[in-house]
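Residues or ranges marked as domain 'Protein kinase' by TrEMBL: 28-327. For 57, the entry in TrEMBL reads ATP binding site. The region 'Disordered' annotation in TrEMBL covers 65-88.
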């Protein structure tokens with residue numbers, strides 16, 4: 001069995017500047033920006049103690065606090081406690097009340113990322129990115145998370161207005177098989193990623209796929225993956241999430257749809273649905289047929305149809321997916337067993353886990 005991940009927590013980090021003008025957080029030198037998101041920036045960082053490269057994710061504490069206050073205000077209304085299962089927490093489905101209580105009970109700025117840290121500490125899988133250290137400089141607006149470096153970057157750079165070079169069928173199969181193993185591991189441990197897309201699938205130096213960004217992920221009470229809130233990137237969102245007042249839906253089935261959109265982009269180099277505004281995009285995802293250009297092998301076409309089934313009740317399941325003819329090359333190249341793949345069992349993230357995620 002794989003042991004849980006070991007994550008270093010550093011509350012009293014200090015920010016300095018090197019002679020050549022680079023910022024230095026304790027023993028990490030921030031060399032260059034390699035990514036940017038809503039709440040901060042990702043840098044290439046060098047650990048000067050080991051000369052190891054890390055992806056250093058820098059969060060703005062002020063932006064995170066504004067987001068958290070907004071979440072708490074939304075959750076304080078009369079409808080806040082409705083719905084089965086567990087609600088969203090600090091970037092996780094840990095439970096809104098629990099996460100909010102933990103956040104409000106301490107002035108520690110690392111509370112803002114406790115939820116994500118708590119779950120990342122419990123994950124240990126070759127296809128899930130590893131968190132190495134989380135740091136806070138009390139004299140600065142930033143929190144830093146040091147992740148293992150995926151040197152080859154995103155699986156594919158594709159968006160509504162950007163077409164990429166498609167992968168060959170063999171390359172797409174290789175990466176999709178690794179995606180299956182990583183998402184199966186999460187689903188077996190009652191975690192739905194909720195934002196599967198090529199941007200959140202990175203490649204290591206030795207070409208291993210790494211699932212990243214658990215900012216909107218959900219962890220559930222065992223066996224109940226029902227959610228009511230939409231999350232994720234609209235172009236990869238399942239049809240059932242694109243409907244107003246959609247009620248409870250299966251987060252795992254929604255993940256599988258997103259896997260289907262991702263596979264479509266790998267083999268075609270563009271998204272299946274493109275529109276000029278969000279409303280039209282959501283409507284297209286919910287109602288429009290998908291165009292499958294000629295030339296795909298039959299097994300791959302069948303798989304895409306089953307992944308991109310607009311009905312979540314008849315959409316292919318993870319267990320069916322791992323046995324599919326295209327994935328296994330008609331049984332000649334099976335995946336490792338589900339038992340072996342999911343040998344590291346994740347226990348439920350509790351309130352104590354959140355409190356103790358950063359000590």
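Note that Cβ sites are derived from N, Cα and C of the backbone, with glycine treated the same way.
Summed and averaged per residue, pLDDT over the domain 'Protein kinase' (28-327) gives 83. The Cβ of the residue listed as 'ATP binding site' lies under 8 Å from the Cβ of 40, 41, 42, 144, 145, 146, 147, each of which sits 6+ residues away along the same chain. Mapped onto three states, the DSSP output places residue 57 (ATP binding site) in strand.
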